[in-house]
């Protein structure tokens, strides 16, 4: 089965927030993505609400519950108490925990599972106790996947930023694919499902899914939104679903 596509809405929200106006509609374009076949929607609310606003979460939750109950809501973020309160209020199907500083522009590294296990374990247990699946953001050369499994993670999300950065260097892309494939095999052997995200495009997805056929889900925002400016949301989502099919 091809990996599922979760459309990250942060870039759409950032464009909306350039003006004190309700468009482009985050929920409206999320609806268009789901109608076109996306399996879910992803958001990464940050404390300053510079793109996704806390008020968006209830709207997206209602959209999925009322119109696309087979779809999934994935909320990403650093597990501060404020973040945990948000996810417990809106009950996404999946929570992706990332080690970001709140002021980072975007996620750029995975967890150090060895040093953060004691911090993460009770948080993972708390979220799973509320019925949420937990994914932990991971570097593809992490030495701590065994610890991630012991912490209680259901999935790891492989950070694919370095792979995305090799768009003009085939040799470097091949090296990054080797790292990602090795990491995915290690995670799968431990019983962890494998997600991926960051700088994925219709051009680099086919090679990734060929090397990681067990890939469960990709979360894509920037590249997909950029393509949507040219092709529109429905056509763009269809192109990404085709790319995921290899």
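Any Cβ shown, glycine's included, is placed from N, Cα and C.
Features as listed in Swiss-Prot:
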BINDING   8, 19, 199, 221, 222  3-amino-2-oxopropyl phosphate binding site
ACT_SITE  44  active site, proton acceptor
ACT_SITE  76  active site, proton acceptor
SITE      157  site 'Transition state stabilizer'
ACT_SITE  198  active site, proton donor
Mapped DSSP class for residue 76 (active site, proton acceptor), helix or strand or coil: strand
Inter-residue Cα distance where the pair is residue 44 (active site, proton acceptor) and residue 222 (3-amino-2-oxopropyl phosphate binding site), in Å: 13
Where the record names 8, 19, 199, 221, 222 as binding 3-amino-2-oxopropyl phosphate, the maximum Cα to Cα distance in Å: 26
Spatial separation of residue 157 (site 'Transition state stabilizer') from residue 19 (3-amino-2-oxopropyl phosphate binding site) - C-alpha basis, Å: 33
Cα-to-Cα gap, residue 157 (site 'Transition state stabilizer') vs residue 76 (active site, proton acceptor), nearest whole Å: 11
Neighbour count (Cβ, 10 Å) for residue 8 (3-amino-2-oxopropyl phosphate binding site): 27
Lowest local Cβ density among 76, 157, 199, which the record lists as recorded positions, within 10 Å: 199
When distances run from the Cα of residue 44 (active site, proton acceptor) to each of the recorded positions 8, 76, 198, 221, the nearest one: 76
Fewest other C-beta atoms within 10 angstroms, as judged across 19, 44, 198, 222, which are the recorded positions: 19
Where residue 222 (3-amino-2-oxopropyl phosphate binding site) sits in the secondary structure, as DSSP reduces it to three classes: helix
Chain-internal residues near residue 221 (3-amino-2-oxopropyl phosphate binding site), provided their CB is under 8 angstroms and they sit 6+ positions away: 7, 8, 9, 10, 11, 42
C-alpha spacing of the residue listed as 'active site, proton donor' relative to residue 76 (active site, proton acceptor), in angstrom: 13
